[in-house]
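Below is one structure, written out as structure tokens; comments come after it.
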Amino acid sequence: MKAVIFAYHDMGCQGVQAVLDAGYEIAAIFTHADNPAENTFFGSVSRLAAGLGIPVYAPDNVNHPIWVDRIAELAPDIIFSFYYRNLLSEEILHLAPAGAFNLHGSLLPAYRGRAPLNWVLVNGESETGVTLHRMVKRADAGEIVASQRVAIAQDDVALTLHHKLCQAARQLLNSILPTMKCGDIPSVPQRESDATYYGRRRPEDGLIDWHKPVSTVHNLVRAVAAPWPGAFSYNGSQKFTIWSSRICPDAQGVLPGSVISVSPLRVACADGALEIITGQAGDGITVQGSQLAQTLGLVAGARLNRPPATSGKRRIRVLILGVNGFIGNHLTERLLNEENYEVYGMDIGSNAISRFLLHPRFHFVEGDISIHSEWIEYHVKKCDVVLPLVAIATPIEYTRNPLRVFELDFEENLRIIRYCVKYRKRVVFPSTSEVYGMCTDASFDEDKSNLIVGPVNKPRWIYSVSKQLLDRVIWAYGEKEGLRFTLFRPFNWMGPRLDSLNAARIGSSRAITQLILNLVEGTPIKLIDGGQQKRCFTDIRDGIEALFRIIVNEGDRCDGKIINIGNPDNEASIQELATLLLDSFDKHPLRCHFPPFAGFQVVESRSYYGKGYQDVAHRKPSIDNARRCLGWEPSIAMRDTVEETLDFFLRSVDVAERAS
């Protein structure tokens, strides 16, 4: 059986040798050129291949049509990937009749993605393993062929676990490859509900937070110990790296980051003390803990710190277009609560963000994105993360002004996306739950659910398809030109400053604002088509916390992902929302200032929205991606959200207006 192999690192060497030992013919090996900036402590696949007389290549882009054609000419029966760092295109995966198979360093479906070796140690796992699985378009998601478990000892560090995994991989391959060569290839589907995803790790991820539990800090030290970059902290402006440590008994009443003793060198964490066994000051040599304390000038009672402001690390610059909107102003507040963010914003008004205008890390320009293109391009280039939040997003406008919806929601935002591509900036783009349209799934899955819309003569769908098309364009830019992106899909976020009662007066507001206006003015609450449409209402605080975590993007887990942000537990019909709102209104201390309740009125959607409208019976999100990528769960009950939203709007009504 003829094989083409994609391989790198020690695992790549083990895989190549195992394939040869199993009697396969290797037509060619594809690998990577070593990066001079990387500590190449591992074996060289290219040297191994050259020594064996096997053709070896290291193309910059193996998925280029030229290389796809060359691989096709090799006519492989089977393809193997052993720690090759790039995803293979579907064109390559389909070239081998027997299939393409990848060796992954975890027990799938757990720890899909990058650096599973390090992540299992960071998370304090007691077991991991290696898995050979069939390759499909989604990384690490194909059917499992075979796996082998590896116990993680308490004294294991990254390098010792790496050696264990290499040994386990060789045993696994020696066992399964002869069977596969005979055409017997087991296939067990992965359980998606058990899948977890992790992104790549960077050297800066080794920064120690002494306010974490001591086991967490110790596990970080284990996970990135040499030859990885190491866990580090600061004494003043002096950086030092901890190469080995142990957990000590509780350090009661000691502030985290405080030096408890210098011989041995022990530092307080949230619930105990970390003893530093070996470490290194700056670029110096590795020494034992007490000598490190002497080198750093530490004494008992000294406080270790995070990197000083003068260390040269600048704040993350976030550009928010539509900063005065509902999401924009709440997100600005969340970002400014963190010291390491600076916010640049543009909008056509500033009423919702007036509380930030004098903030030293908030920079606002009043303007229109369709006019001020030069300002926008300059600030896309200047900033690190871009959020184009400007959109017409109220249903009545879809039928009133479909062309304006398309021009703003698609054309203007496409220009911004192209700036992000041009300057290689990360974009966090607001898709919408509307893209699912009339999907019939019980809950809408970002990666599986079909996006179903109505006929062309229903302009109500112009918003949905504009957003969906932009989602697809962004995805294509990510695939073809390396755009870093995350698409997030809000599901009926509610809260203070959602919009305004004036917007509701002209019919251009969200549902709850329109209902509140009816209560304030003593007009009947209109239930469109009886108000039986179900939605999952999400508190703005829950939504913004998820969005903030997307911006933080720990471990790059959100790159290239679509993430629903909604609360499946808060599902209610519009009629149920109106009833809950009325109950809260009757109990509110300002109730006496407003007219009597005028009752409910059932109206047809055609008479309210126009002939181009078409409604959706339900809209419920799957939030598995949010759980995996963000570690996020919504927690705020719908009643709490309704009461807070109502209170905000009632207190915004002028006293004179109440009396009238």
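Every residue gets a Cβ built from N, Cα and C, even glycine.
Here is what Swiss-Prot says about this protein:
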type     : residues                                                 : note
ACT_SITE : His104                                                   : active site, proton donor
ACT_SITE : Glu434                                                   : active site, proton acceptor
ACT_SITE : Arg619                                                   : active site, proton donor
BINDING  : Arg114, Val136, Lys137, Arg138, Ala139, Asp140           : (6R)-10-formyltetrahydrofolate binding site
BINDING  : Asp347, Asp368, Ile369                                   : NAD(+) binding site
BINDING  : Ala393, Tyr398, 432-433, Arg460, Asn492, 526-535, Tyr613 : UDP-alpha-D-glucuronate binding site
REGION   : 1-304                                                    : region 'Formyltransferase ArnAFT'
REGION   : 314-660                                                  : region 'Dehydrogenase ArnADH'
SITE     : Asn102                                                   : site 'Transition state stabilizer'
SITE     : Asp140                                                   : site 'Raises pKa of active site His'
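Recorded features from Swiss-Prot, shown on the structure.
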residue : record                                      : contacts (Cβ under 8 Å, 6+ apart)
Arg114  : (6R)-10-formyltetrahydrofolate binding site : Tyr198, Gly199, Arg200, Arg201, Gly555, Asp556
Val136  : (6R)-10-formyltetrahydrofolate binding site : Leu93, Gly142
Lys137  : (6R)-10-formyltetrahydrofolate binding site : Glu90, Leu93
Ala139  : (6R)-10-formyltetrahydrofolate binding site : Leu87, Arg112, Gly113
Asp140  : (6R)-10-formyltetrahydrofolate binding site : Asn102, His104, Leu108, Pro109, Arg112, Gly113, His133
Asp347  : NAD(+) binding site                         : Leu321, Gly322, Val323, Asn324, Gly325, Gly328, Ile353, Phe364, Glu366, Gly367, Val390
Ile369  : NAD(+) binding site                         : Leu321, Gly322, Met346, Ile376, Pro388, Val390, Glu412, Ile416
Glu434  : active site, proton acceptor                : Tyr463, Ser464, Lys467
Asp529  : UDP-alpha-D-glucuronate binding site        : Val602, Val603, Glu604, Ser605, Asp615
Arg619  : active site, proton donor                   : Ser433, Tyr436, Phe444, Phe491, Asn492, Lys534, Arg535, Cys536
So which of the recorded positions is most packed in, judged by how many other Cβ atoms lie within 10 Å of its Cβ, out of His104, Arg138, Lys526, Arg535?
His104
What's the longest C-alpha separation between any two of Asp347, Asp368, Ile369, the listed NAD(+)-binding residues, in angstrom?
8
Measure the Cβ-based neighbour count of Ser433 (UDP-alpha-D-glucuronate binding site), defined as the other Cβ atoms within 10 Å of its Cβ.
25
8 Å Cβ shell about Asp347, Asp368, Ile369 centroid, NAD(+) site members excluded:
Leu321, Gly322, Met346, Ile348, Gly367, Ser370, Ile371, His372, Val390
Return one of helix, strand or coil for Asp529 (UDP-alpha-D-glucuronate binding site), based on DSSP.
helix
DSSP-derived class (H/G/I helix, E/B strand, else coil) of Asn102 (site 'Transition state stabilizer'):
strand
Work out how many Å separate Asp368 (NAD(+) binding site) and Gln532 (UDP-alpha-D-glucuronate binding site) at their Cα atoms, rounded off.
38
Identify, in sequence order, the residues in the chain of Ala393 (UDP-alpha-D-glucuronate binding site) that are 6 or more apart from it along the sequence and have a CB within less than 8 Å of its CB; answer 'none' if there are none.
Asp409, Thr432, Tyr463
Where Ala393 (UDP-alpha-D-glucuronate binding site) sits in the secondary structure, as DSSP reduces it to three classes:
coil
Return the residues near Gln532 (UDP-alpha-D-glucuronate binding site), defined as same-chain residues 6+ apart in sequence whose C-beta is under 8 angstroms from its C-beta, sorted by sequence, else 'none'.
Ser573, Ile574, Gln575, Ala617
Would you pick out, from the recorded positions Asn102, Asp368, the residue whose Cβ has the largest number of other Cβ atoms within 10 Å?
Asn102
